[in-house]
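First comes the structure, then the notes that go with it.
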Ligand SMILES: C[S@@+](CC[C@H](N)C(=O)[O-])C[C@H]1O[C@@H](n2cnc3c(N)ncnc32)[C@H](O)[C@@H]1O
């Protein structure tokens, strides 16, 4: 099967056979597969608004034909989102100020909270009273956005808790953070990493692309210390907050891009952001990477190749394979898993554990 064909696969069974074949040259062992829930699996859902003869509908665009699809009954978003969608629509429909120039909506749900972001092609400050009333009447966390403007009504932060093994881990984040889109699968991914670490000698962990600490907080018990880095200031601010929420004191979160981290570890450059962290105090036995779709560039690969154990979480099998071509010169895969994070789409999340040859 070619890469082009993979782009059309949406069925999980087909994704499984593809992935087995695709990585065969690097790994012939068992690949563990984690299926998603069939309904209400999407944590984040985005829709357009379609205006027709004074009426208003939620709509999506078919990625292939680009044709609009009016949405009435859907069951893939989180149940809180599905329940709230018609209530919100009814309220907006009858208010011309709220309806005019409204083009999109983004919902974000956790186990405990829901946040709704309305997107406008007009200055939202002119309708701030209407938006405040809407948020009050629906008792909802509402955000409105238009070009260079953002208004928040009620609260923009969401609380989340994940059950990893028999321990509950607590998180807080907002809409601007990176959020794994399928909470059920997210719990499976973190648990898989944690469970498969047990046989290796664990000292300190180096984590790149840590977000708001999704994996980090759950792994705090497994390592003496963790250095976790990430490019986004907003993510790091929540990560620091999440340490406090979980009473964790052995994680050092700092805002550094992967490129800056490489420079800092090679002592090529000093960073004020590292003034309270002595990199020489760490003895990394493991490195965890969860990069964006493009995968890892050469400088990051050169960096992670130095460590005995690599945990690679990837949302793109194609860039993962490219990176494995290089990593397999120094490391061998000991475990692999595939997670159907993006149900009914051609995307697939993979987890790979590698150890030095
Ligand atoms: C796939 S997300 C993973 C986040 C986190 N591991 C999680 O599970 O929520 C990738 C993260 O990498 C961050 N990122 C993107 N480019 C980066 C770079 N060059 N250096 C460091 N972090 C980067 C993004 O802000 C994002 O939080």
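Note that Cβ sites are derived from N, Cα and C of the backbone, with glycine treated the same way.
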From 180, 263, 306, the one annotated by TrEMBL with 209, 230, 290 for S-adenosyl-L-methionine: 180
Tertiary neighbours of residue 315 (active site, nucleophile) (same chain, Cβ under 8 Å, six or more apart): 292, 293, 341, 342, 347, 349
DSSP-derived class (H/G/I helix, E/B strand, else coil) of residue 209 (S-adenosyl-L-methionine binding site): coil
Fewest other C-beta atoms within 10 angstroms, as judged across 230, 290, which are the binding-site residues: 290
